[in-house]
Amino acid sequence: MRHFLTLKDFNKEELLEMIALAQKIKAQTKQKQFVPYLERQTLGMIFEKSSTRTRVSFETGIYQLGGIGLFLSANDIQLGRGEPMKDTSRVISRMVDMVMIRTFEQSKLEEFAAYSKVPVINGLTDSYHPVQLMTDYLTMIEFGKADDPICAYVGDGNNMTHSWLMLAAKLGFELRVATPKGYECDPDIVADAMEIAKESGAKITFGNDPKEAVKGCDVVTTDTWVSMGQEDEKEIRLKAFEGYMVDEAMMSLAKSDAIFLHCLPAYRGYEVSEETFEKHAEVIFTEAENRLHAQKGIMVWLDQHC
């Protein structure tokens, strides 16, 4: 049985198999062909962090695959009242066919998976957001930016950055990361990614100059400067990230046909300008839709590898 906790757990071929499934299922969906790959299966969806895209995409996705989604907030189950994660896992995994968890600590997700009898999917943790990176790569393919791309991540060294590191390392493309001093990536995750990159041939570089990172890139991406749970740091962060807003001046340094990706929600006037966001809106909202299709590919792949 396999879980989907971080991209680190898969080889290149397996990740591309999931992407291929996502492409196939998306094409079928567009033709109104809803193939019941997961007929009568139940997806338990545990949310300790709220979300728009994660809930809608997983709940819609499992339904389109012939199953049903069961939404469980921390307040709906005993987990929110102190039941140990391992006990919650041993109960829920006896009643459903797959579990998606959106939570804070990666360790909680891993504990749940360790005791689960069914596949577990990382819907987001403070350390990683792997379903989003599968989504982003699917979007890159659709917009012709997946053939030996040069990608730049500009902003906070957070769960999105960590997942970009793993995707680049596994697939072997070039990634440039620019973060303000003091907001760099987790050094342990960086070490893991760099070790993997030695085998794949990926070129991963780090710096504190966003303009230098973006030069000649095919793909530019960023994320919010203030993630959930960091609201008390907002003013300090806004000052630290001055000069990191992706605007037309910054995008002009990338290739003329470069695309801009954002996992949403976007805060215009902070990490991205209104003009740049709207100029790349078709890509961004295709990316948002692709959460649905990428996650269906992941769920079907996991079911096939139980």
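Cβ from N, Cα, C; glycine included.
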Name the one residue among ASN159, ASN208, ASN290 that Swiss-Prot lists for the same L-ornithine site as ASP223, SER227, MET228.
ASN159
What whole-number value in Å do you get for the largest C-alpha pair distance within ASN159, ASP223, SER227, MET228, the residues recorded as binding L-ornithine?
12
Which residues, same chain and not among ASN159, ASP223, SER227, MET228, have a CB within 8 angstroms of the centroid of the CB atoms at the recorded L-ornithine site?
LEU124, ASP126, HIS129, ASP156, ASN158, MET160, THR224, GLN230
Highest CB neighbour count within 10 A among the binding-site residues SER51, ASN159, SER227?
ASN159
Rounded to the nearest Å - Cα separation of SER51 (carbamoyl phosphate binding site) and MET228 (L-ornithine binding site):
11
For the C-alpha pair, I'd like the distance in angstrom between ASP223 (L-ornithine binding site) and VAL131 (carbamoyl phosphate binding site), rounded off.
15
Cβ neighbours of ASP223 (L-ornithine binding site) where a neighbour is any other Cβ within 10 Å:
24
